[in-house]
C-alpha cells in the first residue's frame, strides 16, 4: 500500500505506429479480395472491376482506428493505475451538483405542463421515473450495502403481481395495495437474503440471478395463480382519490367533478405525478436512512465485513435490512407499473430488466442518488432517441455505454458525500 | 498485581486445523488495568489465539471466560463473533489494518458506536422522524468520537477518507475506532508494526494511559520489543502453539527457553538478544 507503484506509461509512439501499420497491412490483405475487387455484369459476362480508392479508404480507416483505439486503451490503463495508487479522496462538496439536482427536480415538476399536448413525452418521462425509483431501490442493496443483486426484477414482479391479483380478485385499490405489496416484496427480500448471506460477490450474484428466474418461471408456469404467459389483464387504473379517469357520466369522474372536458391525457399526467411523488418519497427515505446508523452500517458492511463483526455489529441483520428495504422499494415500483400498464405478464420481468436497473446504478456511480437519475434518463432515452436509426440503435447504445465506461469508469457521479462532518462550517 | 481483578480467563485452549495444532493447551489470565503481551516467533499461534478469543474461530477444546462487571462470567468461545464485542466488551484490531477506507475517519468512529445508536434510533423509526432521543444519542456519539480523536491526535483528519492516510495514522484510527466501542478488554494485533520510533513512543504512552487511567485490560501481540518490554505488566511467550514462558518482562528476558526459541531460529531477533 505504501510502496510506490510506477505508473505504466505504455509503449512509445513509434511502437503504436508500427502496430497500426501491421493492422493496416492485415486489412489490406483481407481487403483486396473483399473490397478491392468486385464483379460487374457487363453484357451477360461477369468481369472483374477494381475499387482501389475504396480499399485505400478502408485501410486508412483501419490504420487510424487502430491508433485511436490503442491510445484510448493506454489512457484507460493509465487512469486505472493512477486510481490503484491513490484512492479517490473525499472531495469537498460540489455545489453545482446540488444545483443540477434542483434543476432536474424543477424540470420534472413542470414537465407535463410544458409538454401537455405531447403524450409521448409524458409517457417516456413516466418510464424514466419508474427506472429512477427502481435504481434508487437497488442502490440500497448494490450501492450502499455492496451486495451484487442480479435478480432485482423479482421484487418488481412481486409488487406488480400483488396489485394485479388483489385488484382483479378482491377489488383492492392502488393505495390500499401499496403497503401490502411493499411488505410482501420485503418478505421476499428476506427470504432471498437469508440463505445467501454467507455468499459474496460473484456467488451472491449467481444466486440472485437464479432467484429472479425462479420467480419468473413460477409466474409463467403456475397458470391457475398468475395466468401463466397470458398474464393478468384489465387491472384497474389508479383513481384520483376515488374519482376515475373515464368518459362515463353516470358516476362522478375526474372530469365531471372538476367541470373540465374529459381528455385521455388527464390520466397520463396524473400517473406521471404519482410516480414522481413515489420517487421523491423514495429519495427522501433513502437519503435519510443513509445518514442513520443503519445506512452507515450498510456502507461499513460494503467496506469491510470482518471489521464490522469485530466491532460488535450483527452483519446478518444489517444485510437483511438492506435486502428488505431494497425489495420493498422495488415492490412499490411494481405496483405502479401494474397500475399504469393495466396488463402484466412474465415478459415484463425478464433478466434484461434486472440488468438495465443494475446498469443504471453502476453507471450513475454506486451509491449516488443523483447519478441514478442521470443514468436512468440516459439509459431510457438513448434507445428512444435511437429509434430513427432502427436496427443500429442497439449498436449506438452499446457504443455510448463503452465510451462512458472508458471516460468515467467509477460512474457518472463517483464522489461520495460523507454522512457526517465534524467541522460543518469549514469547507474542506 | 493482586489488586487488579482478572478480566479474562483462558483455560486449556486448543485449536487444531486438521492435523496442525496451532494452539495447544494454552492457559492464561488477563487482568483489568494491566497490559498483557503475547510474543513469539512468526507462526507461533498468536493471531490464532486472538481469533479464538474474539469468536472468529471456534476453539477445538478449552474455554475462554470473560468476567463482565454487569453480565457476570461469559463464555466467549460459545458466542457469535459480534457478541464478543457487543456483549462481552472485547474488541480487537487487526494485523493487516481493516478500516472502512472510503469512509471518513469520523464515520469510522461512528460506525463503531452502531449498536448504541441503532437502539437509540429505535431501529431507524425514531431516527427517520428526527426524534430528540435519537438526536441526543447522536450528539453523544459525536462527542465520544471527538474525544478519542483528540486523544489520538487525529482531530484534523476527521473529515478525510481513512484509506488516504498513512500507515501509522491508519493504525491509530483503528485503535480509536476500537475504543469507541467502550471495550473492557482491547486486543491489539501488532499495533506498532510500521510505526516510526516517535509514533512507537506515543503508542507506549497511549497503552499505559488506557490501562492505568481507564482501567482497561490491554492484550497485545507485538514483535517490537521496545514496546513490549517497556509497557508490559505480564508477558506470555508462545512457540509452535505452546506456552513456553510467562512472567514479568525481567523474568522473560532471562528465561532460557525464550532465548532458545528466539536465537534457535534461523532468523535471529536481535532486539531480544540485545
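Residue numbering: from 1, along the chain as shown.
Backbone N, Cα and C define each Cβ position, glycine as well.
TrEMBL does not curate its annotations; it predicts them automatically.
As recorded in TrEMBL:
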- A:20-40: transmembrane segment (TRANSMEM)
- A:52-76: transmembrane segment (TRANSMEM)
- A:96-116: transmembrane segment (TRANSMEM)
- A:128-148: transmembrane segment (TRANSMEM)
- A:153-172: transmembrane segment (TRANSMEM)
- A:178-197: transmembrane segment (TRANSMEM)
- A:204-222: transmembrane segment (TRANSMEM)
- A:268-286: transmembrane segment (TRANSMEM)
- A:320-339: transmembrane segment (TRANSMEM)
- A:359-382: transmembrane segment (TRANSMEM)
- A:394-414: transmembrane segment (TRANSMEM)
Could you name the stretch, out of A:96-116, A:153-172, A:268-286, A:359-382, A:394-414, with the greatest number of CB pairs under 8 A to the transmembrane segment (A:52-76)? A:394-414
Determine which recorded stretch among A:96-116, A:178-197, A:204-222, A:268-286, A:394-414 has the most C-beta pairs below 8 angstroms with the transmembrane segment (A:128-148). A:268-286
Name the range, of those listed as A:153-172, A:204-222, A:320-339, A:359-382, A:394-414, that has the largest tally of Cβ pairs under 8 Å with the transmembrane segment (A:268-286). A:320-339
Residue numbers, six or more beyond the limits of the transmembrane segment (A:204-222), whose CB comes under 8 Å of its CB atoms: 147-154, 157-158, 161, 188, 192, 195-196, 228-229, 346, 349-351, 354
Determine whether the transmembrane segment (A:359-382) and the transmembrane segment (A:153-172) share at least three Cβ pairs under 8 Å, counting only pairs 6 or more apart in sequence. no
Please report, as numbers and ranges, the same-chain residues at least 6 past the borders of the transmembrane segment (A:96-116) whose CB is under 8 Å from any CB of it. 122, 125, 129, 265, 268-269, 272-273, 276, 280, 370, 373, 413
If one takes Cβ-Cβ under 8 Å and requires six or more residues beyond its ends, the residues near the transmembrane segment (A:394-414) are 72, 75-76, 79-80, 83, 88, 97, 359, 362-366, 368, 370-371, 374-375, 378, 382-383, 386
Take the transmembrane segment (A:153-172) and find every residue of the same chain, 6 or more past its ends, with a Cβ under 8 Å from one of its Cβ atoms. 134, 137, 180-182, 184-185, 188-189, 192, 211-212, 214-216, 219, 225-226, 231-232, 234-236, 326-328, 330-335, 337-339, 344, 346, 348-351, 353-354, 357
